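The next block holds one structure in the form of structure tokens; read it before the comments.
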Amino acid sequence: MTAQLNPRGDVAVLVPAAGAGVRLGPGRPKALRLLAGEPLLVHAVRGLAAAASVHTIVVAAPVAEVSTVRDLLAPIAPVIVVPGGAERQSSVAAALAAVPAGPDIVLVHDAARALTPATLVESVAAAVRAGHDAVIPVLPVVDTIKEVDAGGTVRGTVDRAALRAVQTPQGFRRAVLAAAHAAAADALTDDAGLVEKQGVPVFCVPGSDHALKITRPFDLAVAEQLLARTLDS
Ligand code: C5P
């Protein structure tokens, strides 16, 4: 059944999904790789559409797959699909440009985090609504982290207590994200990084193990298990 988005919601979610996914091995663009028989992007959009505040979803698709993605998502939820760019940042910028007037909160979410719970989407949006201009979901770092030189020798041990692993969706006051993208000079791997460069404080909320980023074949296997367990329970 096609999900309905909330016409009174205040949140637009951008889903950059135009990456090749080279680290998953040869095959289709990553967002279209199958997880339990359905593309990662379908899982991701279904989760976003289940979040009560979501008014708009914009997907940046691989240029050659725009109509395929449109057809794929039409039965899932009413989604705007635009062609992505050469880098993640340009894909996000293209999606941001397609957000209609209305939503004051913009979330940026990777299609690769296909099992992100709707509760995480809502908690990031709630923190923006509460007054934080930029919000990221984070997890503590469990491994010991070392800085290593190009020759493979350890240069030092980083204090793990001060580190966090950053997930998506990252949430922003719309005008703050638009200004950060307009001013962006270098391509960064996340949008909070652009906003930090503007001097805007970035607030952390607890992330979720289910929002893992599916990057390598191992991650896909973990995600299959998680999904099977969720469907069982
Ligand atoms: O490559 P990486 O895993 O960091 O990509 C994160 C997200 O950005 C993925 O969902 C990917 O599809 C997206 N992306 C994009 N356009 C690109 C490169 C990556 O939308 N040119």
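Glycine is treated like the rest: Cβ placed from N, Cα and C.
Because TrEMBL annotations are produced automatically, they should be read as predictions rather than curated entries.
The site 'Transition state stabilizer' annotation in TrEMBL covers R23, K30. Marked as site 'Positions MEP for the nucleophilic attack' by TrEMBL: R160, K213.
When the recorded sites R23, R160, K213 are screened for a C-alpha within 10 angstroms of the C-alpha of K30 (site 'Transition state stabilizer'), the residues that qualify, in sequence order, are R23. R23 (site 'Transition state stabilizer') is 12 Å away from K213 (site 'Positions MEP for the nucleophilic attack') when you measure Cα to Cα. In this structure, of the recorded sites R23, K213, the smallest number of CB atoms within 10 A of the CB marks R23. R23 (site 'Transition state stabilizer') sits 26 Å from R160 (site 'Positions MEP for the nucleophilic attack'), taking the C-alpha atoms as the reference points. Look at the recorded sites K30, R160 and count other Cβ atoms within 10 Å of each Cβ; R160 has the fewest. In the three-state DSSP scheme, R160 (site 'Positions MEP for the nucleophilic attack') falls into the helix class.
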